[in-house]
Structures are given as structure tokens and as C-alpha cells.
Amino acid sequence: MEVRLLEATEDPEELICTGARNDYSEPFVGDQTFEETMETVEGDSLEEKKETLIGHLLSHGHYGPFEHPQVTFAVEGISRSCMAQITRHRHVSFDVQSMRYVSFDDVDPADVREGEMVVVPPSATDPDWVGRNQKTGQVDEETVAERDEIFRDTVADAVESYQELLDLGMPPEDARFVLPIGTKVNMVMSMNVRMLMHIADMRAAADSQWEIRQMTEELLDLAKDWCPITFKYYEENMKNRKNRLAP
Ligand SMILES: Cc1cc2nc3c(=O)[nH]c(=O)nc-3n(C[C@H](O)[C@H](O)[C@H](O)COP(=O)(O)OP(=O)(O)OC[C@H]3O[C@@H](n4cnc5c(N)ncnc54)[C@H](O)[C@@H]3O)c2cc1C
């Protein structure tokens, strides 16, 4: 998979702090410079003041100001299964690549065996992989080789059948019914900072599936560059605790 940050609010933490200071400020924040707005916040520099205020907001559960900054990510090559999981989050806006209008008619089924078009889960190839809902633990090389073969044969056959149906004039929107749930999809998604932390609470957690966890970790890495004080605090003090952003 590939995850990129497409667009994001400039100065997200200035916006978070301005929103929060508005709540306790008699003067109108719209008429003030950011320095004036932050004047009474503890800290020697503006950066320190932002750290003080953001830490205070997060430690007290004052999450509203984190709904102001918006970020848009583009995600390439996750499974339709992972897509179904992430699109359950209702405060995120999505654009999902269509299988009604995009027909994968030029993909070589031989390449599908090698990971083109369908995501290959680690449990199909790694004998040491222990998934959360796996009934057995580690397996021997022979068993995983068998899994690998069954998995790759099945997905390559499915893509071949899909393309035969297209050749027989079946509309892509109906021919897609034979494709696996692991079929890759591209997505664009937009959310605010509070929602990103909520997604991380739920989807970076140990009981989430490996694919959505990996995607979430990549979202968090990008978020750390974009909104550094907030996501540093999140990483150090909030990550992996019980979900509290939306109790
Ligand atoms: C490990 C794991 C396993 C899962 N297994 C399943 C499964 O087997 N089957 C299944 O169907 N789902 C499953 N889910 C999905 C899960 O139940 C949620 O639907 C999904 O994670 C969206 O999160 P959310 O409920 O926090 O809602 P979001 O849409 O992310 O909304 C954020 C918050 O807003 C509030 N909110 C939003 N909409 C409403 C509303 N209509 N009413 C009241 N409050 C609202 C809630 O506080 C909510 O937590 C699983 C999730 C995880 C992480």
C-alpha cells in the first residue's frame, strides 16, 4: 500500500489553539494576532505556549478544537476488505475507486499470482505469522507453501474468470461479483484531527487487523509531520489506551 498526504490545513495547531482560546477570551480572537491570543498561556516562546495549551486540552478531554484542522489522504492498493473497515467511520469523507466504471481488463492473471491487483495477506506466505483470529499458531513451511499455492491459484483464477466475463460482454459492475475481497482499491479520504485520533484509537490497536493497522500507522507518521505537537502528545500519552475520544 501507499499512503500520501494530499492537502491539509496550514498551521493546524495555530487553528486548534485559536479555537480553544476563543472559549476563554473576552476579546474577539478574530481581531487579535496569534501572539495576542496566546499571551496568557504559559511558556517562553509561542512554540512552548502551543505545547502547553495542546497538552492541557488533550489531557482534559477537551477535543472540540481538534475538529477544526482538516487533512486529506490518498491511499493506494488496500484490499476491499480494509476499505470496508475504514469506511465504517462516519465522520470521514471518502472517494473510492469504482469497480463499475474501472474494469481491470488488462491485468495479466499471472501477475495476480505475484501480488498485482489482489493483496496477499502475510498469513499466506509467512510461517511465523500469527494473526489475531487464527485458530492455529505458527505453521510449518510445508503448510504455508500449501496456503500460498491455494491463495495465489484462487485469486489468479478469479481474475481470469472476471476477464472472460468482460469478454463475453458482461458489464464490469456485474462481472466484479466474482472478484476476491482482497482486490485492491484506491481511496481519497478527508477527516479532522479529532477523527484521526479516534481512528488511531480503534485501528492502531492490537485487536485490529494487520492491514488497517499498517495503514493507520502510516496516517499517523504523516500526521506527525503535519501537526507535530498534537501527534507527539498522542503517541506518548494516548496511543494504545482504551478509546476515549468518542466514549
Ligand atoms: C477490532 C474491531 C472489530 C470490529 N468488528 C466489527 C464487526 O464484526 N462487525 C461490525 O459491524 N463492525 C465491526 N467493527 C466496526 C465498529 O463496530 C465500528 O462500526 C467502527 O469501528 C466505526 O467506529 P465508531 O463506532 O467509533 O464510529 P465512527 O463512525 O468512527 O464515529 C465516531 C464516534 O461518533 C459517535 N457516533 C457516530 N455516529 C453515531 C450514531 N449514529 N449514534 C451515536 N453515536 C454516534 C460515536 O461516539 C462514535 O464512536 C469493528 C471494529 C474494530 C476496531
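The backbone N, Cα and C atoms fix where each Cβ goes, glycine too.
Annotated features, as they stand in TrEMBL:
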ACT_SITE  ARG203  active site, involved in ionization of N3 of dUMP, leading to its activation
BINDING   GLN85, ILE86, THR87, ARG88, SER98, MET99, ARG100, ARG176, ARG203  dUMP binding site
BINDING   ARG88, HIS89, ARG90, ASN192, VAL193, ARG194, HIS198  FAD binding site
Residues near ASN192 (FAD binding site) in space but at least six apart in sequence (CB under 8 A)
PHE66, GLU67, HIS68, PRO69, GLN70, VAL71, HIS91
Smallest Cα-Cα separation from ARG194 (FAD binding site) among the binding-site residues GLN85, THR87, SER98, ARG100 is shown by THR87
Please check each of the binding-site residues ARG88, HIS89, ARG90, ARG100, ASN192 and report the ones with a CB atom less than 6 Å from an atom of ligand 1, ordered along the sequence.
ARG88, HIS89, ARG90
Sequence-ordered binding-site residues within 10 Å (Cα) of ARG203 (active site, involved in ionization of N3 of dUMP, leading to its activation), taken from GLN85, THR87, VAL193, are GLN85
Comparing the binding-site residues GLN85, THR87, SER98, which residue's C-beta has the most other C-beta atoms within 10 angstroms in this structure?
GLN85
Fewest Cβ neighbours within 10 Å, where candidates are the binding-site residues HIS89, ARG100, ARG194:
ARG100
If you rank the binding-site residues ARG88, HIS198 by how many other Cβ atoms lie within 10 Å of their Cβ, the lowest count goes to ARG88
The sparsest Cβ environment within 10 Å, among the recorded positions ARG90, ARG203, is found at ARG90
Based on Cα distances to ARG100 (dUMP binding site), point out the closest of the binding-site residues ARG88, HIS89, VAL193.
ARG88
Would you count the other CB atoms within 10 A of the CB of VAL193 (FAD binding site), including those on all shown protein chains?
27
Under DSSP, is ARG90 (FAD binding site) helix, strand or coil?
coil
Any idea what the Cα distance is from ARG90 (FAD binding site) over to SER98 (dUMP binding site), rounded to a whole Å?
20
